[in-house]
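Participant: What TrEMBL lists as transmembrane segment is 12-34, 54-78, 99-121, 127-149, 161-178, 226-244, 251-270, 319-344.
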Amino acid sequence: MSNNTRIKFENAAMLAVYALVLGFFIYGKVMLYTNPVPEQLPDYSSYPFYLIPIMYIWNYLKAAWFSILLAFLLSGIIQEVLPQDIIEKYLKKDKLRNYFIAAALAPLFVTCSCSVIPIYVGIVAAGASLGVAMTFFLMAPAANLITILLTGEYIGWDLGIWRLIFSLIAAVLCGIIFDKTKIARKLEEQISPMKVGRANRMQLKLPLNDRLKNMYRFSFQVFKKIFPLLLLGLIIVSYIAAYLPDNWIELYFTGFLGIVIAAVLGGPLYTPTLVEIVLTREFINKGMTRDVALSFMMGQPYDIVSMVPNSKYFKWQGVLLYTVIFFLFSIISGVLYGLVYGLYN
């Protein structure tokens, strides 16, 4: 086999992997929208203690592994291909519009908070500010297109629209504030060599084969850093899901106290993307009021599973910042919803 033939074969194989993963991802999302996930979630408390995280991770990967795989592959594509001038113009921190652009792009990525991490890493490596990347990260799981559609049809369009509006405000606010902090400026200096290296590769105009290999290398580097931390987060959350008592729903998930508790648990009680909608409706059927349900769903972006890997890029100061802001907006959205719809009369 000649060298040119080998290179063409490698290019075709690498491009075919991207096409297959994207195709299965789209098919899975279409099927999930037309055939929503089952109403009954697994009872993890019925498993032996040592099996709980294994079964939780297994069920999670069954539902989300194409999303995760596509996210890691996209990180390499974004880092290698996205034009530098586009990043400089639309995803830097010098203009307010850039945060809204990131928030508008994020809903196109139907991923959970952990799956979107590799994508924002690619955006940062391509030259975006950390604050803009944070806005993107927070908006994608909270208000992606299918999440809002399923929330509207499965629970009610009132909650779907409220979730979209308050997620947008909170995500943009988090990004703007984070870019103003000292820790963000220090982190920008630390990741600048990655951006310079990427810019140098772009200037060299590498052949397609080399660029495809660079995409896969970067994706694998991100995978090695993030996936072990993701597994750690899933293990922690599996025990929370297993041992949270059902009778707490009627006792503690109503009124203002219920809103606060839902905001506290919305993050730790992590579920893969779209599954939180089924979980919320199950809670509503068991007595959760709709204002509390909104507060609970708003907690998706600050789940424990994504906090652990996010601390590598935003540091714990950044994680704490977006957690506090989204936590407050979870409470505010629930209270305002209750006032507007007369739940406190």
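Placed from the backbone N, Cα and C atoms, the Cβ positions cover glycine too.
Map these features onto the structure and tell me what's around them.
Facilitator: Non-local neighbours of the transmembrane segment (161-178) in the same chain are 96, 99-100, 102-103, 106, 130-135, 138-139, 142-143, 147-148, 151-152, 184, 294, 297-298, 301, 314, 318, 321-322, 325-326, 329, 332-333, 337; each lies 6+ residues outside the stretch with a CB under 8 Å from one of its CB atoms.
Only residues 6 or more beyond the boundaries of the transmembrane segment (319-344), in the same chain, are considered here, and those with a CB under 8 A from a CB of the stretch are 134, 138, 158-159, 162-163, 166, 169-170, 173-174, 177-178, 181, 255-256, 259-260, 262-264, 266-267, 289-292, 294-296, 298-299, 301-302, 307, 310-311.
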